[in-house]
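Undergrad: Quick one: the structure is below, and I'll ask about it shortly.
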Amino acid sequence: MGQTRSSTCPQVILVGLDSAGKSTLLARLLTGQVVETSPTIGFNVGSWDLDKKTSLTVWDVGGQKSMRPNWRFYLDNCKALVFVVDSSEPGRMMEAHRSLKKVLSDDRLRGVPLMVLANKKDLPNSMTIREIALFSGRPPPYRRVPLPYRRVPLPTGESTSLQASPPPYRRVFIPE
């Protein structure tokens, strides 16, 4: 079998609870537009071109409770993990924290950069980044390169471009 583009590009895995906005985020990254999505059964995958020479393969993996045990099947070639949380659902933060802790317990993620992305910041009752970070208490020793929390209100398009992020993001995702 020939080598596919996804095996030659750094792979970023998007995980998080159902309805956190992972598929909307992926569609926004790939098309530049907000599109209507439906719950992901399985996964969505796309190639995100950062510039003319660099692209990432981004895997959006379903977040329903029945799908979460399958997250482990996508971790083999993971170069960065993005955990998406719905900042407008404080009642699900503990569930999100438990799911994040469980996926991070996999040894294949040792040293893999983690970004916790707070989505739906445009909604009126969304939690602050500080409130979301406090749900996990003090940072656990996950043995990985930390990336700051990011806020993303996808429908308005604010803060959605990782390309516009400072160069350290680029260095984390792209091997030198």
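A Cβ is built for glycine as well, from the same backbone N, Cα and C atoms used for every other residue.
What TrEMBL records for this protein is below:
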- GLY16, LEU17, ASP18, SER19, ALA20, GLY21, LYS22, SER23, GLY63, ASN119, LYS120, LYS121, ASP122: GTP binding site (BINDING)
- SER23, THR40: Mg(2+) binding site (BINDING)
Undergrad: Which secondary structure state does DSSP assign to SER23 (Mg(2+) binding site), in the simple three-class scheme?
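TA: Note: SER23 (Mg(2+) binding site) is helical by DSSP.
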Undergrad: Could you list the residues of the same chain, at least six apart in sequence, whose Cβ is under 8 A from the Cβ of LYS22 (GTP binding site)?
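TA: Looking at Cβ-Cβ distances below 8 Å from LYS22 (GTP binding site), excluding near sequence neighbours, one finds LEU14, VAL15, GLY16, THR40, ASP60, VAL61, GLY63, VAL84.
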Undergrad: List nothing but the largest Cα to Cα distance in Å, as a whole number, among the residues GLY16, LEU17, ASP18, SER19, ALA20, GLY21, LYS22, SER23, GLY63, ASN119, LYS120, LYS121, ASP122 that the record says bind GTP.
TA: 21
